[in-house]
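Some features that Swiss-Prot has for this protein:
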type: ACT_SITE; residues: His95; note: active site, electrophile
type: ACT_SITE; residues: Glu168; note: active site, proton acceptor
type: BINDING; residues: Gly174, Ser211; note: substrate binding site
Amino acid sequence: MVVWVGTSFKMNKTLEEALAFARRLADADLERDPRVQRFVIPSFTAVREVKRVLTESSVKVGAQNMHWEDAGAWTGEISPLMLKDCRLDLVELGHSERREHFGETDETVGLKAAAAIRHGLTPLICIGETLQERNEGRADAVLRRQVEAALRGVDTEAGEAPILLAYEPVWAIGVNGIPATADYASERHRGIAEVAKSILGRPVPVLYGGSVNPGNCEELIGQPDIDGLFIGRSAWSVEGYLDILARVSAAIDRSSPRQTASERKLP
């Protein structure tokens, strides 16, 4: 299987900074590992130009959010048609910062995921429990609810359309985040994959995000239930991103042939 490894810039990088990153990444394309699918998610002001720079490369480019409607009186929003007009490949949905600060709900994430699939965009759906939910022993129930809500609206129309899930425990995100242990993350991934496959009837890759760094990326990707990495600040310099990509390739070399958790756990 292909391992997905990418980064979102969040609200960082000017257009020129994003383009410098993209150009360096394009230059490194000949050295890419075909077992690893790379992706970058810049700010809205940079997506079109970053995609233009990376068009001839294997790197996929996405947006950090979108509305579920194609058009209308939604001031300040971006529609899936607009993202397709920028020739984007994927769209990040439901990040915990969107849920906490901008009123994103399980319902709206589901609407957006369905809209993304209708328009040929790969949804990268973020899920994760808070520290309180983890401490109360509710992590698995919260993750099940989030996965079911995100996929309920796409189960009949998804077909074989690509869908990605990103497990990002809220307590592991940000400058003060505490990375989940590889064992803890792997156990959560196993449950997430099983729920997703029970809905869609097929495997869905589950990426880990939450303080991924050069010191833990190899152990994380070495877990059989972790299908990729969604990196934050450790990949905001292109050198940092390329370093983690090299470490991921080395970890894959040391591991046996990979299957997704859902492929192993369910018939």
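For all residues, glycine too, the Cβ spot is worked out from N, Cα and C.
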If you draw a 10 Å sphere around the Cβ of Glu168 (active site, proton acceptor), how many other Cβ atoms fall inside it, taking every protein chain shown into account? 26
Including all protein chains shown, what's the count of other C-beta atoms within 10 A of the C-beta of Ser211 (substrate binding site)? 22
